[in-house]
Structure formats: structure tokens, C-alpha cells
Amino acid sequence: MDSSQGRKCSIFPWFLFMVFVVVNSERYNTRFLLADNATAGKRHSEGYCAMYDICGARSDGKVLNCPFGSPSVEPNELLSAKIQSLCPTITGNVCCTEAQFDTLRTQVQQAIPFLVGCPACLRNFLNLFCELTCSPNQSQFINVTSVSKIGNNSTVDGIDFYITDNFGEGMFESCKDVKFGTMNTRAIEFIGAGAKNFREWYAFIGRKAPLGVPGSPYAINFLPSAPESSGMSPMNVSTFTCGDTSLGCSCGDCPLSGVCSSSALPSPPKKASCSVRIGSLKAKCIEVAVAILYIVLVSFFLGWGFLYKKGKRSPTSRAKPLINVRNSGIVRRINSQKDENVPMQMLEDGPQVNNGVQLSIVQGYMSKFYRRYGTWVARNPVLVLCSSVAIVLVLCLGLIRFQVETRPEKLWVGPGSRAAEEKQFFDSHLAPFYRIEQLIIATIPDSAHGKAPSIVTESNINLLFDIQKKVDRIRANHSGTMVSLTDICLKPLGKDCATQSVLQYFKMDFENYNGFGGLDHVEYCFQHYTSADTCLSAFKAPLDPSTALGGFSGNNYSEASAFIVTYPVNNAIDKEGNDTKMAVAWEKAFIQLAKDELLQMVQSKNLTLAFSSESSVEEELKRESTADAITILISYLVMFAYISLTLGDTPRFSSLYISSKVLLGLSGVMLVLLSVLGSVGFFSAIGLKSTLIIMEVIPFLVLAVGVDNMCILVHAVKRQQLELPIEGRISNALVEVGPSITLASLSEVLAFAVGSFIPMPACRVFSMFAALAVLLDFLLQITAFVALIAFDFLRAEDNRIDCFPCVKVSSSNSDLDKGSHERKPGLLARYMKEIHGPMLNIWGVKIVVVCVFVAFALASIALCTRVEPGLEQQIVLPRDSYLQGYFNNISDYLRVGPPLYFVVKNYNFSSESRHTNQLCSISQCDSNSLLNEIARASLVPESSYIAKPAASWLDDFLVWLSPEAFGCCRKFTNGSFCPPDDQPPCCSTNDGSCGLSSVCKDCTTCFRHSDLQNDRPSTTQFREKLPWFLNALPSADCAKGGNGAYTSSVELKGYEDGIIQASAFRTYHTPLNKQTDYVDSMRAARDFTSRMSKSLKIEVFPYSVFYTFFEQYLNIWKTALINLAIAIGAVFIVCLIITCSFWTSAIILIVLAMIVVDLMGIMAILNIQLNAVSVVNLVMSVGIGVEFCVHITHAFLVTSGDRNQRMQEALTTMGASVFSGITLTKLVGVLVLCFSRTEVFVVYYFKMYLALVLLGFLHGLVFLPVLLSMFGPPSRCVLIEKQEDRPSTSSQF
């Protein structure tokens, strides 16, 4: 995963920045209530008013009704028509003047855009205020309770409004679920301050607002019943349910309506894993199945072992020897030679050898090749050395085109991936997701109780202002231009940055702090951020506290323990363009400021600071390239020192300067480095960029692999008879170990090559580079290194000093040493012969070994199910990176999930198409429409991972067009767009208030109902008015304007043809805390859109910024198993071709499979996640595991005797080489990696490699010998009846 994008996924609720609605519900909603003219009279009967006409206005401009009772009045025809258009329940006489009705109409138009998508709710809401203002029987349910003086006039100061609970309940039920898509929230949050029931809604509507504060100009006390003595009766106009057939709402606004209830809510998916309860113990089914299987296998194995042992003891059934008695002398002579540590010699008389060994075609060619080739190399070492090195140096010329790829999206995302293609479509057709710069300031938890104190204090807010001043003063130099935040920040309405901070409650201005009320104002805005004018941000949108605070539960914002300050910055598709470079320059200055100044400021207040920028991950990855340079260098030095030690003879001071192999070891290391440089040079020449992992891991990896072959080659030459000339010894050594080295190396190359099929570029490139490096290393070992061996042995025989071959010493000491020590076996060889081999030959030990290894293998199969996909972002960064704390804080404090867009391709908005109703979620939309289904999915967030219904530009556009929303879509008499009355030119921004201006007095709604077709625009109407909507600014009179909120949600290019190529509906995921949450949320979103695409026949796909990095994990298990199967299968085929023995190949296959399974079990125990890096390691373990198996198996095949004798002889011959040349060489290099500063090295290279080495050692030197001694293939050695003075045997497959 790319960590930068991986980080982005968990911290971007900021798409709320795109919502720029200046509606303030406290102001709007209370204006809806204009208590009109009041009645001070005592007459409460039909046909009488309680309030009539306007008698004054408060100093803030809010009008007050007259408290005089009077009979209702018959309106003129024009006023009656106006009233009927808004209040169809009011007929005949009325209790309002034309001025009162105009005021009512002006105020309710602010609420209509919120509710027009649900006609039943809108009608109930309008009826409440129509009855309050104009009902002819107003006095029956309105009673003026207090009066105030405005000048010389009495005005209403408070009323009792008697209204039945049935009406209140019906109105609330019809409106409670109506969505306000622009803010991804409910409309009740704006027109009811988030009321939970109708009584809370009434209380919000009825409170009297202080001067200058939005709200009702007088108090309204809603009461359910009137005193019997008053003669009054509660208002009880019929309400419409949201499921009413004539005024029905969409399923998104009314989930319980009849048309929607027929479709059950999606149920959470059932867990795929099953469990079995055994008493109080609950175990997974696979664990129980594995336990049963183990019991069966062990029972069968023990039964077989008992019968086999019993039969072996019976004289009648004693097995016959594998060789004839007449050949026993030869066997003894061979064994005698082997006891002296001089194994199977191969002389130059080829025909004699072929007569004694069963050779396949491949073996015959390989034997002849290595015999002739070894002799030729030993005779022409200079030519071989120079030519092989020259070829590799030619490959190294490609390094002039060497480049390192550090861009996360190029490292972790395959270019052909679906997520990459969808991101490209989203960025090119809509807009790339903005860049994120972020600060997280948090309190320190109390050591006694572990609970962090609240961050919301006056001193901390003042600190936040100080920090903001420093951020505003940042000036970054880009090509001579000074870049500030205002130059690059996201400005939704073109003026103010959309910074997400609690300072927005003060318009980002410290001067407003005391004027607005300081800390009390912050607490107030936490609860009224959607409804108070003074809580609106500087960029004219409500600020959700959950985007600026962290570490709180529920809606207890005051308990928050962290400030989260986010600076969204404009992004660009061209990553090399000037806009991107300007942003990167500012980001570097921002990070430097945080390190140098902000960190000290925050810590001085006993707080913590975490920070990040969009480019932080990429910059830290670049720094990582040098973070572990010393660790890697030490690892190489340790391995070099060990190589030099193990290649030499048994240390003896008198001849150490002759017998040591320091120069040979150094030359071998240089060959390894040449192979790596050759690989990098070749791929650089063809235009493939390298990665930091390649530069740091592959040299170590190839060195660890290459050392094995170097040790085995040198040890094989040293085992030859000293009487032979050097070409004879090298020739025999190559024939002895050449086939096994070839098999091991080819297996490693194939295993790495299989890794190139992994879709993640970083791991694919790693596998390609490693495969070629291992291949070049193998070729250099059998060419240049063999030539170097010839030089070194000639040097030693000529008594020349190691490292100074030009200096020659006397031969007395060396000859004496040679004579006394030339046949003495080493310590490891003696251990293998005298202790290890005999111990494994004990029958009881064999039983225990098989049972233990099979038990661990089966247990690992059960543990594999616990390995989770993912790659933690912290792991890929240096341990001392400032991003480590930042990622931890994200998990601890963020309470919102990443943004989620549902992108629709080729939306046909023509009248002939049904796409509109298939997508929208307002009245008359299909019940199973896309947006309705998104709303339904959000009701089960635990399975859908969708937090809320989507913000829908289509719904808001249709509402904006609606004749009922008469303050939205308007036109001048010339047909051009007329903005709402509270926007220029209808309202001068210099005026203190906006009334009906002469400029816009003749504006009319765009359409009448008769102009629309079933409340839907025609193709032409849609095409003409969509640009109007997207350019319309949201305001108090029309909150549905699309400018800012939906500017980048619709692509207008080519829409004239009736097809919108791309559009997006915005929502967000639930908070995602674990890697599995990200994977599951992506899978759930894709499954959802797949169902919708098939159902609607419309192409829909989900998009979130983290999808490109987590797509690999959707099928990571499938990828891992396929690659492992191919790798193991390739090794099996190579073994089968070379050995021509299915039996031998099957045993190697079983051991390799057990090593891989056991390694996956270790991954589960160590909580190592499954990702492309670990998959490469698993595939690589197949190649490395071959080395632990093939040499022992090879020695077992070519040794004579029964299985036990051959097993013990194989351990004596090759056990020491496998332990010292394979196990220890890898071990000493791996151990150094535990000191790495980067966690990815510790987890995926130290822990996994260490586990691999230990598992390979145990399986190769413990389990495999036992398996061979019990079920091994027959020997390939055929003893020769012709006796010679010295034996001639062949060591081959």
C-alpha cells in the first residue's frame, strides 16, 4: 500500500468542505413563525382573529403583529389567489393582510428548498404557519398572553398556540427522515435544530430570540389543550403521512412508507467462518477439523510404525541387504573412505563411471558438461574470469539510466488495476481529490485514570490562534515566487480558504473571539452549527464539529481531547505541473515550521502535536533510503567476515595466513555485488525504474543466497584427494555438487520470477530484479568464482599469503600442517556423523519428529485463517519519522470516515430515458433508485460501511427547478437567470437588510407545473437550467444553489447531447480503524454498485482515495495461493526433469509445502499481515527452502546402503555444509536486520527471514533426514563388480 494514500483514506471527512450552504436554520426557521397580528380581545369563536395587521417592528427589523381581536376579513381576489397557492386549506375569510402574507411567503420560502422533495412534509409544515398567520378561526386556538409597546402602538409579545399532539406527531413523523443532501444530513437539523420529537421542534420554533439573534420576535407557547372555560379548541388540521399516495415522499425521505417497506433492509453479511462449542471452549471449524485429521494421521502412523517395527524384528521377514555379498568388500572400502571424510570420488575415466551409475538423459548431459567444463575452467581461469566479469560490466552500463521510483501511487498501484482506471476517470472527468495538510493537537491522558482531559479550553483556543497566525505567515519560495496558503488553498466560493478548524466559529479572526462570546460561543456552536449565523464558517458553510475535533464519544464535543486542523489544498492531475510544485514547496515549509516552532509551542502547554502534509509520505520514503544504510552495511560486513572464516580451513595459527580465504571471500562478495549491479543496469537500460527496497534488500538477499553456493563449492573442492591435480579436483567437485547447485539456483530464479506476476509494481519489480540478480550470481559462481577457486588453491599450494598473493613463505610449516591435518574432519562434520545422524536413526526419535512436524504443519493450516490482509502505514516508514505519531493519532482521534463517491457514467437525462427516476430520491423517484438504495444501505453501516445518505446534485437540482421552491430557479423577463432576493443584484451587499428590490420585482419562477412533465424537466429544460443551478450560490432564500457544493460533481462537457458522461454522488464511509476495515468497506461498496449496475442497467462504480492502494487486498489470498502453487509446481518440474524421479521430487515438494505452511503459521503468531511484500517473501521461501532440501536429498540418492545408512551418510557428507554454508550464512546476515530503523525491515525481512532460516534448518536437517530414512527413494548407486586399487564412484542424481 502507498502509505500516503493509505493515510488519506482514514482522515478525509473533508468533503463536507464542498458543502457551502449559508442557510441558518435558527434564523430561517424562526422567521417561518412570524406570529402575525395578535388578538387582545376576549372573543374566541369562529370567524374571529386573535392578531391582525402589523403594528410595529423591533429594532432589528422583525415585524410585530397587532394584538387586537377582530372578525376575519374577506380578501380581494388577488390576495385570495396568493393565499390559495401557498395555503390551500385556507378558504373564505382570512386573518392576515397582504403585508402579513407577503412576510409569511418570504419567510417560508427559506424552508421550502429543504422540504420540497417530500411533498407531505412540506404541506404539513406550511399548514402550521398558514393556520397561525391567516386562519379565519385564528382566535379559537391562538391566545395573546403578553403585549409590548413599540412607540405608541401595542404589539404582540407572547402567545399560546393550542394545537393537538396528533398534528405535531404527524408533522414530525412526515419530516424526521427528510434528507438535506448537500450536507449529507437530515433537513430537521436545519429547520428544527436536530429535534428528536415534535415537542422539541415546537420548543425550537417558539422561543423568543434576543435582539439581533435569529428567532421568533415573540414567544410562542405550544399547548396540547385549551382551558374548558376559554371556549377555545386546539388546531387540528389533518396531516399527510410521508407515505401518502397523493403526496408521497421517496424511500430515502420516508423509509417506512408502504412502497418502501416491501423491500427489507439489507441484512449484515453472515460471517463466513463457523465455530464449534466444546463445553466452555469455542473453536473454529477448521481448528476442530485439523485436530481430528491429526488424530487420525497419528493413529495411522503409529499403527504402521508398530507393525513395521514388529515385522522388521521377525527373522522370517527380515529385509535382505540392498547389495550382494560379493560386493560387500567394495561397500566397506567406500564406507571406510567416507569415514575418513573423503566422499564419493569421481575420476576422469568417464566410461568406468557411467557403467557404475544409472544416468538419465539430463543427468548424463549434466555430468559430461560439468566434467569437461570444470577441467576447462581450471585450465583457463584468466579467460573465464575476465570474460564473465566483462559481460556483467557491460550490463552495468545501463546504470547511466538509473532512476529510483518514490511516488507511492507508482509503487503500490498496478497501472492496469480497476481502481487505478476508476481514479483516472474520476480525476479527468470530475476533479482530483484535494491535497491535505493537517495538524492534530491533543491533551495527554491522565496517568491515574488514563482519560485525556478536554482540549476545549480558553488557553488552548488562544494557542490555536497563535498557531494559525504562524501558518498564515508561511511563505515558501518556488522559482522566485513566494507561495502562501491563500495562493494554493481550496476556496469553495472563491474567497476564503476552507480550513477545517474550530476557529471557523470565529470566522478565523481573533478579534471576533470576545465579541462572539469566547468559549461559551464555541460550546453553543457545537450544538447549533447548522442553525446559527454566528457559527457559520468564513467560507460560508456550516462546520461540523466532528471534522475539527477528535477523541470524543457520541455528540459530546465538549469532551473532545484533540483539535484537528485541516488545510485542504487544490490538487492537479499533472504531478509535474507548476501548481503541484507550488503546493509541494509550501508543504515543505509547513512541515519545517511544525518541527521547528509549532512542536515547541504545543509541548510548552503540555500538549502533543502530530502533523502531516500531502507530500510527507513520499518525502519520508526518500529519507528511508539512507535511514538503514549503516545497518545494511554492518550486515554485509558480518556476512563477509563469516564467509572468510567458513571458506578457510580449520583455524591454526601456524598456517592461518596461508589457509585463510579472506581474499576469496572478498572476491565472492564482489561478484555478488556485480550480479546485483548487472541486474539493475539491465532493467534500467530498458527503462524500468528501481525502488528503495531493491537497493537495500536485493544485495543482502543475493549475498545470502550466493554465499551458500560459494561455501558448497569450496568445501567440495577441499574434500577431493590432494593427489589429484587442481583441474581434477575442480572437475570432480563440480560433478559432485554442480547438479544440486543448478537445481537450487534454478528453483530460486523461478520462485522470484513467479513473483513478477504480483500486480503491485514495487513487488513485481523487486521480483524481476531479484530473479535476474540470482541468475547472474549463479552464472558468475560457476564461471568467475570457480576460476577464483583455482587461483586461490594454487596460491595456497604455492605457500603464498592470503590477501598478499605476491608474498611467498617457506614450506616447512605448511607441509607439516598439511601432513597432520589433511584428513581430519571438522567439528560440524564430526557432530553430524557421531551425534546428529545416529540420534535421528533411533526409531522413537523418528516417531516424535514426524508427529511434532506434522502437528505444527496442521496447526499452521488452522492459524493461516488468522492472517489478515493489509500493510500498516507505520511499517513502511522509519521508526523515528514524525508520521509514526501522526498515524497513531488518526486511529485514536478521528471520528469520521473517508469520503465515498458513487460515480455514474453516461447518465441520460432526456425525457425518453428513465435514468432520472432510477437515480434520484425525491418524490416520484423509483423506490429502488440508486440514491434510495444508498440511503437504505446507510441504515446498516456495520455491513455497508456507508455512514449517511449521499449528497445528491440531481435531487437538489430537481428541487431547485420545482415551482414550489419559488425563491430558487427564477428568471428575468428577458429569460436570463434571476438570483434569489437576498443576492446581488436583487439585494445590494451594502444594505443592512434585503427587501423586494426594483431590480428583481418582475422575476418569476422558471416553470409552472404545467411546463413540467410529471414534475420532471424536458430534455431542453434540463440542458438549459443545469448550468444555472451549478452556478447558483446557496443563500438564505434558496439553500439549494449548486455552486461550491456540486461544482465538481457533474461534467458538463458534451452534455448538450443529452448524456452526462460523469457525475458523482457524495457520501462517506464509517470510521475505518483497521486494515481489514478498509478492505471490507471497499468490497462492500463494490458489491453494492455491482448489484445496482445490474439492476438499473446503468454503469455505477464507487470511488474513494484509498481504493487504489487497497484493491490488491481484495484477492490477496488468491494471488498468494496461485503464486505459491506455481512456484512449488515449477520447483517440482525442475526436480523431476533433472532427477527423473517422481519419488524424489514428491518428497522435496512435501517438505517445501510444509516450510511455506509453517511460515504462514508463524506469520499468524507474529501478527504479520498478508500483502504483496509478504507474498513475495512466501514465494521466495520456496526458492530458498530448496537449498535446505536438495543437497541432503542429492547425497541420499547417490549413497549406497539401506535407508538409515544412506541418511546418516548424507548428513555426514552434506549436513555440515548445509548448516555452515546455508543456515549460518543467512542467520548472521538476518540477525543484523533487527537493528533496522525501518519497521518494514524488522517485520518482513528480519522476522520472516529468521523464521524461514530456522524452519529451513529444522526441516532440512531434522525432518527431511527422518522422512528419507523411512520413505526415501532407492539409491541410484550401482556397485561395480570389477575391483580396482581405488574405488570409482559417482556422486550424481
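Cβ atoms are placed via backbone N, Cα and C, with glycine included.
Here TrEMBL flags 1-25 as signal peptide.
Sequence annotations record features per position, and here TrEMBL assigns transmembrane segment to 288-308 (among others). Cβ atoms under 8 Å from those of the transmembrane segment (288-308) belong to residues 276, 278, 843, 847, 850-851, 854-855, 858-859, 861-862 of the same chain, restricted to positions at least 6 beyond its ends.
Residues annotated as transmembrane segment in TrEMBL: 376-400 (among others). Distant neighbours of the transmembrane segment (376-400): 674-675, 677-686, 726-727, 730-731, 776, 779-780, 783-784, 786-788, 790-791; these residues of the same chain sit at least 6 beyond its ends, with a Cβ under 8 Å from one of its Cβ atoms.
Annotation source TrEMBL lists domain 'SSD' at 628-791.
Annotation comment: TrEMBL describes 629-650 (among others) as transmembrane segment.
Residues 389, 392-393, 395-403, 636, 639-640, 643-644, 647-648, 694, 698-699, 702-703, 706-707, 710, 714, 765, 768-770, 772-774, 776-777, 780-781, 784-785, 788-789, 792, 802-803, 805 of the same chain sit 6 or more residues outside the transmembrane segment (662-686) yet have a Cβ under 8 Å from a Cβ within it. According to TrEMBL, the feature transmembrane segment maps to 662-686 (among others).
What TrEMBL records for 692-717 (among others) is transmembrane segment.
According to TrEMBL, the feature transmembrane segment maps to 765-791 (among others).
The transmembrane segment annotation in TrEMBL covers 840-863 (among others).
What TrEMBL records for 1120-1139 (among others) is transmembrane segment. Residues 360, 362-363, 366, 739, 742-743, 746-747, 750-751, 754-755, 757-758, 1145-1146, 1148-1149, 1152-1153, 1156, 1170, 1175, 1178-1179, 1182-1183, 1186, 1190, 1197, 1293 of the same chain, all 6+ positions outside the transmembrane segment (1120-1139), place their C-beta atoms under 8 angstroms from a C-beta of that stretch.
TrEMBL lists 1146-1166 (among others) with the feature transmembrane segment. Long-range neighbours of the transmembrane segment (1146-1166) within the same chain, counting only residues 6 or more positions beyond its ends whose Cβ lies under 8 Å from a Cβ of the stretch, are 853, 856-857, 859-861, 863-864, 866-867, 1124, 1128, 1131-1132, 1135, 1174, 1178, 1181-1182, 1185-1186, 1188-1190, 1193, 1243, 1247-1248, 1251-1252, 1255-1256, 1259-1260, 1263-1264, 1267-1268, 1271-1273.
As annotated by TrEMBL, transmembrane segment applies to 1178-1198 (among others).
For 1210-1232 (among others), the entry in TrEMBL reads transmembrane segment.
Below 8 angstroms of C-beta separation, residues 697, 836-837, 840, 845-846, 849-850, 853, 875, 1147, 1150-1151, 1154-1155, 1158-1159, 1162-1163, 1166, 1168, 1173-1174, 1177, 1181, 1184-1185, 1187-1189, 1192-1193, 1196, 1203, 1206-1207, 1210-1211, 1215, 1218-1219, 1222-1223, 1226-1227, 1230-1231, 1233-1234, 1236 of the same chain, each at least six residues beyond the ends of the transmembrane segment (1244-1268), sit close to that stretch. For 1244-1268 (among others), the entry in TrEMBL reads transmembrane segment.
Beyond the ends of the transmembrane segment (1178-1198), by six or more residues, the same chain brings 344, 357, 701, 705, 708, 712, 737, 739-740, 743-744, 747-752, 754-755, 767, 770, 774, 1120, 1123-1124, 1127-1128, 1131, 1135, 1139, 1141, 1144, 1147-1148, 1151-1152, 1155-1156, 1159-1160, 1206-1207, 1209-1211, 1213-1215, 1217-1218, 1222-1223, 1226, 1252, 1255-1257, 1259-1261, 1264-1265, 1268, 1272-1273, 1275-1277, 1289-1293 to within a C-beta distance below 8 angstroms of the stretch. Non-local neighbours of the transmembrane segment (840-863) in the same chain are 284, 286-287, 290-291, 293-294, 297-298, 301-302, 305, 309, 1154, 1157-1162, 1164-1165, 1204, 1207-1208, 1211, 1258-1259, 1262-1263, 1265-1267, 1269-1270; each lies 6+ residues outside the stretch with a CB under 8 Å from one of its CB atoms. Long-range contacts of the transmembrane segment (765-791) within its own chain (CB-CB distance under 8 A, at least 6 residues past either end) are made by residues 373-374, 377-378, 381-382, 384-385, 387-389, 392, 395, 405, 664, 667-668, 671-672, 674-676, 678-680, 682-683, 688-691, 693-694, 697-698, 701-702, 705-706, 709-710, 713-714, 717, 726-727, 730, 734, 738, 741-742, 745, 748-749, 752-756, 758, 805, 1176, 1179-1180, 1183. Averaged across the domain 'SSD' (628-791), pLDDT for the predicted model comes to 81.
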